Amino acid sequence: MKKQRVVVKIGSSSLADSHGGISTEQLSDHVAALARLKEDGHEVVLITSGAVAAGFSALGYPSRPVTIKGKQAAAAVGQSLLMQAYTEEFRKYGIVTAQLLLTRSDFSRKEQYSNAYATLGELLNRSALPIINENDSISLEELTFGDNDMLSALVSGLVSADMLMIFTDVNGLYDKNPQKNADAKKYYFLPEVTEEISSLAGDAGSKLGTGGMKSKIDAAKTALSLGVSVFIGTGRGQEKFVNVLKGKGDGTYVGNAPQKEMKMNKQWIALHSLVSGQIEVDAGAATAIIQHGKSLLPAGVTNVSRFFQVGEVVEVVTQQGRVIGKGQCTYSAEELIDVKGMQSQDIQVRGERHSYEVIHRDHWVSL
């Protein structure tokens, strides 16, 4: 089997014991299986939930807290306990671990996003195993983020993973709730995530986690759009992750055809960037951008809305108001208002400008 880069997401329900705390047995089982992947030469990134589950009992809570401050306090205590447990287990296999705590804002800010990309790349090049969790103790978004499901999809795209494995307490996707319907049909393979598939999943998570099956399906859809195949399921034993790569996993495989990898810069524009303004274009410009992959030139711009600076992301709309995409603008709003509708040869070069493109095709994403 060729060497692959794999992102494994382990949810709270796959780590917890009967009392809601972290099960040493389950954690050891996961680590042994991850070590097997490394032994076979694969590169591994672990996305782990469980900080709240690891910490709530230490603070005297009888069960997982329901208030935001309770969850964040439990996460602050539990994250160090969780990381300590992982580090000690991986040390038995001679594997060096690294901790990264991320928030949504780390993805929306280009510099921090690029730093995360560079750090993960260096860790993998050095054969370390990055362990990533949402920074639960300060991030409100995490507590409704889907139990790290979407985070795992975004990270899998960021590191250009070959596969994302989302491990949970259910062995795949079904057309009905298998716990309530004996005739529930399991999906062993789905070529894509359709609206019909999305509608089958409920929003509710387990008592120990915040993510239901819908968040996993949404994560799978995002990962597929970034060129990453997905597995959603469960398993036990040292071979469980290796078996997933061999096509023998106990769950559902989603998308296995080679996908076109989305470059890091375009991932950031498409999924994380904040839109600072809007540019309206004529029909000719819209066709050139969407159908022919051209850059946007000033001649095609018909209107500029809101104030934005050079390098900020703007959305582009047709004269009918339909959003066709977004990209990084090489002009400020003030500059663009002065040159909109003009041919490139008629525009006086300002300052150090070396290009007349409003949005270069390398910094554009169609929606």
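The backbone N, Cα and C atoms fix where each Cβ goes, and this holds for glycine too.
Binding site for substrate per Swiss-Prot: Ser49, Asn148, plus Asp136 from the candidate set Asp136, Asp162. Mean model confidence for the domain 'PUA' (276-350) is a pLDDT of 93. In the three-state DSSP classification, Lys9 (ATP binding site) falls within a strand. Of all the binding-site residues given, namely Asp136, Asp169, the one with the smallest number of surrounding CB atoms inside 10 A is Asp169. Rounded to a whole number, the distance between the Cα atoms of Asn148 (substrate binding site) and Lys9 (ATP binding site) is 8 Å. With helix defined as DSSP H, G or I and strand as E or B, the domain 'PUA' (276-350) counts 21 helix, 23 strand, 31 coil.
Within 10 Å of the C-beta of Met213 (ATP binding site) we count 21 further C-beta atoms, all protein chains included.
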